[in-house]
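Undergrad: Quick one: structure below, then a few questions.
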Amino acid sequence: MTVAIDRATGKRRGDRAPRPGLVQRVKNGYQKHWYAYVMIAPVVIVLGVLVGYPLVRGIYLTLTDANSLNSARTIGVNHIDATYKFIGLDNYTDILFGPTAYDRFWSHFLWTVFWTAACVALHYTIGLGLALMLNEKLRGRTFYRLLLVLPWAVPTFVTVFSWRIMLADSGVLNQVLGALHLPQPQWLEDTFWQRFAAIMVNTWCGVPFMMLSLLGGLQSIDSSLYEAAEMDGANAWQRFRHVTLPGLRAVSSTVVLLGVIWTFNQFAIIFLLFGPTGAPDAQILVTWAYFLGFGQQPRDFAQSAAYGVLLLSILTVFTSFYFRWLKRNDQLAV
Amino acid sequence: MSTTTFEKAPAGPVSDPQPRSGRPPRRGERRPLRAALLHGGLAVASLIALAPVAWLFFLSLGPDKDDYLHPGKILGKLSFSNYSFVLENTGFFDWFKSTMIVALGTTLIGVFVAATTGYAVSRMRFPGYKQLMWVLLLTQAFPIAILIVPMYEIFGQLGLIDTYWALIVINCTTAVPYSAWLLKGYFDTIPFEIDEAGRVDGLTPFGTFFRLILPLARPGLAVAAFYNFITAVSEVAFATTFMLDDSKYTFAVGLQTFVSQHDAQWNYMAATAVLIAIPVSVFFYVVQKNLVTGLTAGGTKG
């Protein structure tokens, strides 16, 4: 892989040879790389304006007491200027150590971590299992693949509503359970079952992406490796352990990272499954932050943004450690 | 990477010629049971994948809003009345229009922008390359909570609240970074000799990109398009917050209007959901052949 990239046409040996003066370097760099910069310019500009600026602005908001009553707003023809004031780190101390810190932040934090770990583990194992099955020579595997990708193709909000109907008190799932004389949990009311249902629905939604990515990874493993392993007398488990898993490393490390990030920030499923105000204990940090900023009156913009900053910090720290760990294990695909 | 694999593959059992107990020595001999198990497993999984959607379709045929509680009764009175109600008496076509404008806009702009970026990071090493890759990854981690309030302010000041542009641009910010990653992986699999050949024949870097590389990258582009489209259609939080005029609701917002606190019209909701799933499935069907190839490259090359 690296060999191929090193042959990139843009890369010149001269890049790292003698270092001329700064002005000359900038000029050379510009001449050498201007088309690269032109090509990435749209993304850089859009991300800068729509992610960079709001980020800075959002961080500033977290240092104020902004809410919907004191922010700039327009009512009819009257424009009212913002009156919120700077209060330093009070929002953070309040969230992390205030009197309601456990109820509001830490309990949601623990649940979010559990939710992410459980969902990604399920996504990965089920996705890998299905990918392995789809990778066998089998009649009708294109058909199976089409069906199995369906949860990904139908928009999340459609399927989440479908799950909501099925999980309702006397919905079909409980009717089936009742017919089998099994207990019929209150899926959408009882905290434990709410969480269970959320993980179940998210697993259902997230498996196809993992499955397809891993299937792609499986197909890129050289089949001669399997033949060699078989010649050496490796049994199925050994072949899986020593050929398949190492062959999937690059793709696994990428999809697991993306899976963690996406699941940690998964908004739609919990938001739609329980409605905007239902299930306070099953809210993960993202939906809880959205509730603070948009789901209540007055809207607490500052606290909502502070949650956002905390979430982003958690993910950044996680990603850095993850990369360091990957690098140490030489699994990095980037 | 292949070298590590070879090192790790156990070389020991070569000296052990006997087949293990209970295990046929050749693959071919355990086919029938194996195939049955595979078919069984895949069939069950497909059923689970299909069930919620199929159930939704079934419920959409029941004319009363409480029919979901007694699905058995639906069989006796199957009708398409929900569909005609939704098509005639709700904002369905407005929602359809909004969703398509937003989704196709996101797809077109997003894929194009992601392709140029993906190509740049695949072929060129420029100062700032590493930082760009890192930023692309990190934008995936941006929770809406931190962006939504400032974005609301910015769009408010620009007069973009309640416009399609707001949603298109926002969807691009979430979909483009991942698409660029994906496409970088795909471009990496296209031989660099092609670029060199193009350059020798006198094409500019942009000419090489447009005339040679883009046509070759179709599977990758298809996956990126699918991802952009799905992201845009499924986006809930921003669409809920930024679209105020009910004629500009996207499906994600419009569908919620059937299920308010006081009145849940599940039958209309189900019919609408089925109608939504149709265009998306068509789009999916068009690109599905390319999905695995496209994701492969993206996945293995990261």
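Just so it is clear, glycine is given a Cβ too, placed from its N, Cα and C backbone atoms.
Pasting the relevant annotations from TrEMBL:
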TRANSMEM  A:34-56  transmembrane segment
TRANSMEM  A:109-134  transmembrane segment
DOMAIN    A:109-322  domain 'ABC transmembrane type-1'
TRANSMEM  A:146-166  transmembrane segment
TRANSMEM  A:192-215  transmembrane segment
TRANSMEM  A:248-274  transmembrane segment
TRANSMEM  A:305-323  transmembrane segment
Undergrad: Six or more residues out from either end of the transmembrane segment (A:192-215), which same-chain residues have a Cβ under 8 Å from its Cβ atoms?
TA: 111, 115, 118-119, 122-124, 126-128, 130-131, 134-135, 145, 148-153, 156, 159-160, 163, 167, 185-186, 248, 251-252, 254-255, 259, 262-263, 266, 269-270, 273-274, 279, 281-282
Undergrad: For the transmembrane segment (A:305-323), I need the partner stretch with the highest count of C-beta pairs below 8 angstroms, choosing only from A:34-56, A:109-134, A:146-166, A:248-274.
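TA: So the stretch in question is A:248-274.
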Undergrad: At a threshold of under 8 Å on Cβ distances, which of A:34-56, A:109-134, A:146-166 pairs most often with the transmembrane segment (A:248-274)?
TA: A:109-134
Undergrad: What parts of the chain pack near the transmembrane segment (A:109-134), using Cβ distances under 8 Å and only residues at least 6 beyond its ends?
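TA: Result: 141, 144-145, 148, 195, 198-199, 202-203, 206-215, 217-218, 244, 248, 252, 255-256, 259-260, 263-264, 266, 281-282, 284-286.
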